[in-house]
Amino acid sequence: MGIPVGKLSLYTALGGVRPSACLPITIDVGTNNEQLLNDEFYIGLRQRRATGEVSIMSSWKSSWMLLNKYMVKKFSSRFEDFANHNAFDLLAKYSKSHLVFNDDIQGTASVVLAGLLSSLKVVGGTLAEHTYLFLGAGEAGTGIAELIALEISKQTNAPIEECRKKVFLVDSKGLIVSSRKNSLQPFKTSWAHEREPVTTLLDAIKSIRPTVLIGTSGVGRAFTKEVIEAMASFNERPVIFSLSNPTSHSECTAEEAYKWTQGRAVFASGSPFDPVEYDGKIRVPGQANNAYIFPGFGLGVVISGAIRVHEDMLLAASETLAAQATQENFDKGSIFPPFTNIRKISALIAASVAAKAYELGLATRLPRPR
């Protein structure tokens with residue numbers, strides 16, 4: 001329950017959304033934690049989670065029925081912390097008929113895309129001229145991958161299917177390729193390209209030669225010395241995003257990324273890292289924190305009275321955030337603006353998201369303000 005309460009507090013503190021318009025909700029399906037079950041102050045449902053296939057199906061059927069009932073109310077809804085298949089199913093089911101936003105998929109994607117757009121000012125080239133390799137193909141990985149492809153499509157007018165071919169994903173079984181299509185979960189099939197199968201990240205890097213490496217796997221230290229040195233061997237400025245939380249799950253540390261690339265890496269992380277001194281220069285690694293995006297995005301939706309979240313609104317948020325990063329930030333090693341500017345950043349994102357909602361005909365607060 002602390003998650004929805006805390007996140008809504010951030011909508012207010014960082015974005016300026018009126019607190020009386022916010023309602024935290026948790027779908028409670030019980031707990032198997034003995035300590036909680038025996039705690040007299042536990043506020044959750046004091047019963048065990050369903051076990052056994054029939055019982056689990058019954059439990060999820062009840063949860064879906066509850067969600068359906070809730071969605072009839074036509075609130076603006078933000079979903080978080082659902083299992084992969086449920087998160088994608090919810091978004092697919094309601095995104096065309098309700099105002100819904102999944103921060104794990106859409107918020108993460110938007111802030112990472114902003115980081116990539118910002119990093120182009122350091123490494124050069126366009127988004128379409130780079131090649132992207134992900135370790136991790138869950139909600140975060142596939143969400144980011146899709147938004148990258150959408151932005152490339154927007155910039156080049158190329159079909160989205162063509163743009164997806166610039167993006168590759170590695171999951172627990174290796175590189176996602178077309179020969180695996182029949183065994184893949186539905187949300188992974190768009191990324192099954194015609195390539196030879198490889199089972200390790202290092203082999204995928206050697207085969208694809210990506211310019212950008214993004215970690216969303218939740219596997220700590222998965223970006224080994226060999227992996228990062230391989231990226232540095234054919235990239236003058238390798239872009240390395242180690243996005244998994246908490247710090248112990250981060251694919252590599254900022255220090256490792258800088259040390260193993262002789263200070264050439266353009267680095268961002270999901271967890272906060274202290275400044276790193278390398279070769280006499282202090283580098284302040286940027287954090288791809290969703291809180292850069294969702295408070296302003298929420299405010300933009302509220303002030304425009306938007307009836308849907310359209311992917312172009314996410315792209316507008318990313319572009320606005322990227323535009324706030326300055327040469328001074330880059331000189332210090334960060335591709336994100338200082339978080340101390342978050343109220344201003346949120347206001348600018350809100351304005352761009354609202355403007356896009358009006359442009360798309362999705363805004364209901366009329367007439368459109370000057």
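Backbone N, Cα and C define each Cβ position, glycine as well.
Copied from TrEMBL, the annotated features are:
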| type | residues | note |
| --- | --- | --- |
| BINDING | E80, D81, D104 | divalent metal cation binding site |
| BINDING | N245, N289 | (S)-malate binding site |
| DOMAIN | 1-95 | domain 'Malic enzyme N-terminal' |
| DOMAIN | 105-358 | domain 'Malic enzyme NAD-binding' |
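Of all Cβ atoms in the shown protein chains, 14 besides its own fall within 10 Å of the Cβ of N245 ((S)-malate binding site). Annotated pair N289 ((S)-malate binding site) and D104 (divalent metal cation binding site), C-alpha to C-alpha distance, rounded: 11 Å. For the domain 'Malic enzyme N-terminal' (1-95), the mean pLDDT of the prediction comes to 81. In this structure, the binding-site residues under consideration are E80, D81, D104, and the one with the smallest number of other Cβ atoms within 10 Å of its Cβ is D81. In this structure, the C-alpha atom of N245 ((S)-malate binding site) lies 12 angstrom from that of D104 (divalent metal cation binding site). The number of other CB atoms found within 10 A of the CB of N289 ((S)-malate binding site), across every protein chain shown, is 20.
Each residue in I3, F79, F82, A87, N102, D103, E139 lies on the same chain as E80, D81, D104 and has a C-beta within 8 Å of the C-beta centroid of that divalent metal cation site, without being one of the site residues.
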